[in-house]
Structures are given as structure tokens and as C-alpha cells.
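Novice: Okay, here's the structure, questions in a sec.
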Amino acid sequence: MATMVPTEFDTIAAISTPPGEGAISIVRLSGEDAVKIANKVFKGKNLEKVPTHTINYGHIVNPKTNEELDEVMVSVMLAPRTFTREDVIEINCHGGIVPTNQILQLLLSNGARLAEPGEFTKRAFLHGRIDLTQAESVMDLIRAKTDRSMKVALNQLDGNLSHLIRNLRQDILDVLAQVEVNIDYPEYDDVETLTTKMLREKAIEVKKSIQQLLTTAKQGKVLREGLATAIVGRPNVGKSSLLNHLLHEDKAIVTDIAGTTRDVIEEYVNVRGVPLKLIDTAGIRETEDKVERIGVERSRKAIEQADLVMLVLNASEELTDEDKELIQATSGKKRIVILNKTDLPQKLNMDEVRELVPEDELITTSVLKKTGVDKLEEKIAELFFGGIENSQSTIMVTNARHIALLNQAEDSLDAVLQGLDSGMPVDLCQIDMTNAWDELGEITGDSYQDELLTQLFSQFCLGK
């Protein structure tokens, strides 16, 4: 279904700031009657007569009782130069649950409707202010875990990904139009050969662009969702100390008693621009303790699901069978092997370790003395962003929906090429080319289903 701007919208209202105590809260209105409704409850200048994009001092009052609720500043922004392209009012009131909710309820009782999650952004999309990739980047920006992920989200919000996708769609549309002309009005005997050549070249060209975009998907997913990182090792080798160092706070219990971490602890941390979802696992060993055994089993699952494994070994002890089992169990994963406790007399046989672990995976540290941890952080950044240090200026694919649609478009282009290779008539190959055009259009929202909008914007917070 193509994008259509609805002819009528009611006026919506919501609190746009997080709930709780704070210096200031913002209550937002959007719609044809936004100014009229706000004016009913505002004591100060007549908001229906003030210039657009002005901030106006006054009080919110209950029109029925004339009771003052709060001293406020009201921003008046008239269509179309607003986020939603509707008239927008933003009431800056004192923070706190009670005054903010009282103002919201007053607006609702005077003609506004409580906005659904993401409805302001949805209206911006439906009015053509932004496309779907830009709408999704709004939430990415809110949820950004590092400076780098924030810059990538801003890049997408600026429309850089949209521009690239639309250029690819235009390339497809141009060749489809030319193919149609050649089929309907052939002027040369070899028109079929020329048309086939044209279709093939464009399918290859667009497919190559899609493949280049998909090469950024892995790093993009890391920036958007965080890198699932399991910290593993046998009990009491320093896993929890490492977690606490990376977090810069004590989240895990650190003692000299083996087996004190009996569950899986998850935390997000920014390491040199890489958002890590750190998982501190219970030490893996044979145990009779029922609770600890459950933690050990969860640890094994965490290793399977992790994008990166940090395997911690104790450099002050000899390599044990449990260490060797963990080295073997994690050998197929992207891995950093950390030789910890180097501040103590070393008993670890390095020749034995190097036989089992490649040299470039090894890092020596003393988390207690804070030595070697900088090299660990450098290693993490090098592993995942060595080739894209300037990722903030790169068009990246960070969204699973976009990745799926790009893969579908690539499959459609493969079908075009396979059809041409097998001698299929050009007009039938056009169908798959058109499918690729549609699938790319779903990324930007140039074509969409209503169910998609409902599902997508329901993930937003109220007031956005």
C-alpha cells in the first residue's frame, strides 16, 4: 500500500519527558485544535494570536474552577514547520508526577486524546516529514549506548540511508521503464538481446550496491543492540573483578570463595565506542550444589549465544583440565583469552597455553592492579571496529527489518539473473525486478502495510 496522508487527525496529547521527579516536564499537543485546547487552560497571552515558534510565559488554570495548577512556559509552533507538520504546543511545567499528570488530564478533558506510543513520530511519517528509516532512527537515537551508535543514528535520521535506497529504486524504475518501451515499441530486430543485456547489467549493479550495504550489517547490529559478551572461566579466576572494572562499579560479588557467582549477571558498558552487553557467568566446574549447577548450565548457554567470549585464566596457577575444556569449548567463537592475576608469582606454562590458543588472542592482565586492561579494551575495539573507525560518517544498516528486506531484494535480483540465464522471457523477469523495487520501498516506507506501522510505532515510548 502506498503512503497516503490522511485528511483528518484528531488532536493528541502526552507527557514527553520520563516519569518521576525532575526540574522540568514537557506535555506535548499536536493536531488541528492544539492551540485552541491549550488556550482554554492557559492564563497569559492569547495563544491563538501569538506568532509561530514563540515561547510564552503564563499559568495553567482549570477553566471550570479558575484554580491555578502551575507556572509554565508554552511553546507555540504552527504547521507546517513542526515535527508532525501539524500545529504543536509544548508546555514546560515543573517536574514531578502530580503537576505533570494534572496538566495532561486537563488537556484531555478539554478535547485532546491521549496519544498512543510513537504517535507523534507516526504522524510525522504519515505527513511526509520523515520516512520509515528516519522514524526508526529516532528510537535508535534515544536508545544509543555509545557516541558512535548515536552518530550512526543521526546519520540515518539525516536521511543518508533513505537517499541511497531511493537512488537504487530509481535505477530499477528507470530500467523497467526502458524495458517496457523496448518491448512495446521495438525498432530493431535485436531489441530482445539489447533489453536482456540492459536488465542484466542493472540487476548486477543494484545487487552489488545491496551487498556492499549488507557488509555493514554485523557492525551495525553491534552498534544498535550491543555485543553479547560472555565472561567465562573456572571459579575464582577474576571474572567478576573484570566485570566490575569494566563497569566502574561493584555489580558482582568479589570474594576469594570459589562459586560465589551463582547466576548470570548482565550489564551494558561502553568500551572504546563498542557497546558490550556483558554477561558475567558462574564459574564452570563440576559441582554438587543444586543452585550453582543451574548457574553453570546457564553459563554454557551464554557461551553458545555470545558474539564475543572473554575467557579468563589464572596466571598464578597451572592450567587445569577445566581450563582446557573451556579453551576447547570456546575455540569456535570470536574470543579473547585473558591471563589474569599477573601480579602474583606466575605458574602458568606459557608454552602449553600457546599450543592451545593463538598468540593474537592472548592478553595479560592484573585486574586488581589495573594493569593490562587498557590493552584489553584496545583489543575489543580492534576486533570489531578496526576497519570502520569513521563509522559515524558511514551509511550503515543497523536494523533487522532493513537487513531482512535487503536480503529479500537481493534474492529477487538473483531470480532476475537466473531467469535471464535460463532463457526466461524478459517480461517475466520484470516481475522479480519489480519485487526488488517493492522490497526496497518497504525499507523507506514508500510502500508499506498498516500492520507494519502498528507494530513499529508501538515500540516507541509515549510522547514521542
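Using the three backbone atoms N, Cα and C, a Cβ is placed for every residue, glycine included.
Found this in Swiss-Prot, in case it helps:
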BINDING   Arg28, Glu90, Arg129, Lys464  (6S)-5-formyl-5,6,7,8-tetrahydrofolate binding site
BINDING   236-241, 255-261, 280-283  GTP binding site
BINDING   Asn236, Thr255, Ile257, Thr260  K(+) binding site
BINDING   Ser240, Thr261  Mg(2+) binding site
DOMAIN    226-385  domain 'TrmE-type G'
Novice: Check Glu90 ((6S)-5-formyl-5,6,7,8-tetrahydrofolate binding site) against DSSP and tell me helix, strand or coil, would you?
Specialist: strand
Novice: By Cβ count within 10 Å, point out the most packed of the binding-site residues listed: Arg28, Arg129, Lys239, Lys464.
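Specialist: Counting Cβ neighbours within 10 Å, the top one is Lys239.
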Novice: If you measure from the Cα of Lys239 (GTP binding site), which of the binding-site residues Arg28, Glu90, Arg129, Lys464 is the nearest?
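Specialist: Closest by Cα: Lys464.
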Novice: Between the Cα atoms of Ser240 (Mg(2+) binding site) and Lys464 ((6S)-5-formyl-5,6,7,8-tetrahydrofolate binding site), find the distance and write it as a whole number of Å.
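Specialist: Given the Cα positions, Ser240 (Mg(2+) binding site) is 38 Å from Lys464 ((6S)-5-formyl-5,6,7,8-tetrahydrofolate binding site).
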Novice: Over the residue list Arg28, Glu90, Arg129, Lys464, recorded for (6S)-5-formyl-5,6,7,8-tetrahydrofolate, what is the maximum interresidue Cα distance in Å?
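Specialist: Between the outermost Cα atoms of Arg28, Glu90, Arg129, Lys464, the distance is 19 Å.
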Novice: Quiz question: given the binding-site residues Asn236, Ser240, which has the greatest number of C-beta atoms lying within 10 angstroms of its own C-beta?
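Specialist: The residue with the densest Cβ neighbourhood is Ser240.
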Novice: Where does Arg28 ((6S)-5-formyl-5,6,7,8-tetrahydrofolate binding site) sit by DSSP, helix, strand or coil?
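Specialist: Assignment for Arg28 ((6S)-5-formyl-5,6,7,8-tetrahydrofolate binding site) reads strand.
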Novice: Sort the binding-site residues Arg28, Glu90, Arg129, Lys464 by C-alpha distance from Asn236 (GTP binding site) and give me just the closest.
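Specialist: Closest recorded candidate to Asn236 (GTP binding site) by Cα: Lys464.
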